[in-house]
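J.: Per TrEMBL, the features are:
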BINDING   HIS216, ARG266, TYR329  substrate binding site
COMPBIAS  62-81  compositional bias 'Polar residues'
DOMAIN    8-155  domain 'Oxo-4-hydroxy-4-carboxy-5-ureidoimidazoline decarboxylase'
DOMAIN    213-331  domain 'Transthyretin/hydroxyisourate hydrolase'
REGION    58-81  region 'Disordered'
Amino acid sequence: MGFDEKDFLACCGSSKFAMEMASASPFVTLEDAITTARHIWFNKVDVHGWLEAFEAHPQIGKSPSPNHKSETSAQWSKGEQTTALATATGSSLLELSDWNAKYMQKFGFVFLICASGRSTSEILTELKKRYLNRPIVEFENAAQEQMKITELRLAKLFSTKAEAASTHDQQPMALKKKAEEDRVSIIGAHLTAPLQEPADKTSQISSRTRPPITTHVLDVSRGSPAVGMDVKLEMWMNNQSRPSFDTTDLGGWVMQGFSMTDIDGRSGQLMNIVNSVNPGIYRISFNTGKYCPGGFFPYVSLVFEIRETQKSEHFHVPLLFSPFSFTTYRGS
């Protein structure tokens with residue numbers, strides 16, 4: 001797909017990055033664009049370009065930066081903070097503002113984190129932990145977070161283009177097939193890019209920055225995130241029995257959390273952030289009937305078991321949904 005420099009500037013506020021990406025365009029798939037973006041960001045953009053990109057971001061909990069490079073970038077920033085703002089209180093916003101100021105004073109640039117699907121408490125925890133880093137270490141952390149944000153925004157860029165292309169009913173069959181292939185690529189990258197974690201996972205066990213169970217929903221019929229879908233998480237609490245296919249299991253499920261998917265298709269916080277999740281059987285349900293009243297499924301529920309040996313792991317349960325089909329798998 002072909003994009004111009006302005007499109008890439010919305011994904012990353014570095015002028016050098018946008019120019020290099022535009023020169024490398026068009027890209028056949030989103031995966032190709034992300035591979036090129038990583039190479040450009042880490043190998044061609046210098047320190048000044050990194051700082052230029054950082055400066056284009058607003059502080060978490062604040063309005064878009066006056067230095068943002070496009071209205072699209074400003075709108076995306078606002079959408080990426082949806083969960084944080086929805087879970088914020090007056091006191092938590094004040095604390096976040098204070099820590100943002102401390103971080104800026106120590107490092108000289110805004111605290112940068114891929115905020116999609118993260119609550120205010122998660123962001124504060126991560127901010128306080130990263131504040132202890134040496135400047136050289138934190139500069140690299142910020143660059144890694146910028147890349148995560150860029151990948152997420154590239155997925156949005158491709159999604160918008162693919163959706164627009166699919167509305168042209170008169171286009172040749174070959175182009176329609178290409179748009180469908182692009183949607184598949186978008187979904188694959190959207191699922192994998194934001195979920196990257198540091199290689200040293202052992203250091204994450206004692207200091208989670210997100211709940212042990214998370215989810216998000218992608219609308220495969222549109223090739224974009226499913227926005228505004230109700231999601232609830234329950235746990236089986238009847239110690240005398242287990243839910244099974246052959247028995248009625250009413251009365252044993254206890255609500256753990258309820259949320260609605262944001263602009264990125266991610267739910268808010270469905271449970272507390274704890275180092276060790278309670279082993280047991282969980283059920284996550286999606287209100288697909290409300291999201292798509294004319295579809296085949298009134299709702300979709302997924303039941304899974306977390307064992308004693310898995311209580312320190314993270315469980316990401318994404319749903320790939322269309323009005324007449326759905327797919328899921330266990331993410332990391």
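Just so you know, glycine gets a Cβ as well, placed from its N, Cα and C.
Unlike curated entries, TrEMBL annotations are predicted automatically.
Keep in mind that what you see is a predicted model, and the values were worked out from it rather than measured.
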J.: Counting across all protein chains shown, how many other Cβ atoms sit within 10 Å of the Cβ of ARG266 (substrate binding site)?
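T.: For ARG266 (substrate binding site), the count of other Cβ atoms within 10 Å is 24.
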J.: Using DSSP, break the domain 'Oxo-4-hydroxy-4-carboxy-5-ureidoimidazoline decarboxylase' (8-155) down into helix, strand and coil residues and give each count.
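T.: In the domain 'Oxo-4-hydroxy-4-carboxy-5-ureidoimidazoline decarboxylase' (8-155), the DSSP-based counts are 103 helix, 0 strand, 45 coil.
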J.: Measure from the Cβ of HIS216 (substrate binding site) and count the other Cβ atoms within 10 Å, all protein chains considered.
T.: 25
J.: With DSSP as the reference, give the number of residues of the domain 'Transthyretin/hydroxyisourate hydrolase' (213-331) in helix, strand and coil.
T.: 7 helix, 49 strand, 63 coil
J.: Express the predicted model's confidence over the domain 'Oxo-4-hydroxy-4-carboxy-5-ureidoimidazoline decarboxylase' (8-155) as a mean pLDDT, rounded to an integer.
T.: 86
